[in-house]
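Here is the structure we will look at.
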């Protein structure tokens, strides 16, 4: 087992480049299954374990997938199987995104119930509601979701009870080959939705309204492979913005898109952080003293739940009382106990957390509880006295590429070691060939 060891106290400075967006590339890779002609080529693909997992799912289904030099090439023109087994899907809940493409193309999909981060109840009922509205018969049992339709899916009007990103993506992918027109109301508006729509349209789909509350999809008879470059990762960008702020540093986050980060920029500026838009990204300059603020997570364009734990780390250093309210996911405060191990004055009240700052953070041995919590604990370590040791790095590797190396290049005192010996060891990278 590996751990990251960080000694706090260093101000970060320099430039860090943002990778392609994990939450955009996964549905785009799933969507390549829709192409019955040609090969799809995707650029700026981050070298993450989740990308490897969904690529393995596609290979199991019958697609030919090659990954090298931040590029994924998929040929799914041959026959596909309809079942994605538990051994793959358990690793990552985004694997359920193959369901829409399989149902649209083959008329049947059998997918194991998903895994991924253990963040409370993350039901997929909205996905299934959409499939049923388009004429599919859906059954859930024995750890699997079975969906089947006679002939083609039919266009339908679908209202989502909550603007779920995954449901919006899955229904979009199912609808592009459906007979007739599908309208998705109260859909997700995230930049990753727009990116998926752009990819689908480049394949020959007719998707309109992505980025608004209503998406209209006119079904087509076939889709063709295309070339696509994934948008930059706004959550990785936000994480490095917080890293600059928590250390009082001066960092240019190269590739950060201001339009994708409006709510985060607003909260950082409210805390006294300087954010400057430059030609290649965003420069973030941390103040000597941070101000307390209140945050409520909301669907985009509201404050992203995926930045909640990182901002919690930052608010531990702010003067005054702050409150964070989580409205998107249940049980996303598991990292609070780990912050307490670092001397954080923090308590949970229902779906909110109360922080009394500034806290004199102290280095401690802590365990990551999910992907974003892993990054947040490292951020807290950057501002703590002494050494912080973060374990359960499998969570971190699902969403960040060479995270400790990027921080070290900015001046952080950080290394990744084997737990048994604590000898410095370079991160084990996935072999992206084959």
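A Cβ is built for glycine as well, from the same backbone N, Cα and C atoms used for every other residue.
Swiss-Prot lists 117 with the feature active site, proton donor.
Listed in sequence order, 165, 190, 192, 233, 235, 306 are the same-chain residues six or more apart from residue 23 (phosphoenolpyruvate binding site) with CB atoms under 8 A from its CB. Per Swiss-Prot, the feature phosphoenolpyruvate binding site maps to 22, 23.
In the three-state DSSP classification, residue 126 (UDP-N-acetyl-alpha-D-glucosamine binding site) falls within a helix. Remark: residue 126 (UDP-N-acetyl-alpha-D-glucosamine binding site) has 160, 161, 162, 164, 166, 167 as non-local neighbours, by Cβ distance under 8 Å and separation of at least 6 in sequence. The UDP-N-acetyl-alpha-D-glucosamine binding site annotation in Swiss-Prot covers 93, 122, 123, 124, 125, 126, 306, 328, and the record cites sequence analysis as its basis.
Sequence annotations record features per position, and here Swiss-Prot assigns 2-(S-cysteinyl)pyruvic acid O-phosphothioketal to 117 based on sequence analysis.
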Chain-internal residues, separated by at least six, CB under 8 A from residue 328 (UDP-N-acetyl-alpha-D-glucosamine binding site): 297, 298, 299, 305
Residue among binding-site residues 22, 93 with least C-beta crowding, 10 angstrom cut-off: 93
Where residue 328 (UDP-N-acetyl-alpha-D-glucosamine binding site) falls in three-state DSSP terms: coil
Pairwise Cα distance for residue 125 (UDP-N-acetyl-alpha-D-glucosamine binding site)/residue 22 (phosphoenolpyruvate binding site) [Å, integer]: 23
Cβ-Cβ neighbours of residue 306 (UDP-N-acetyl-alpha-D-glucosamine binding site) (radius 10 Å): 22
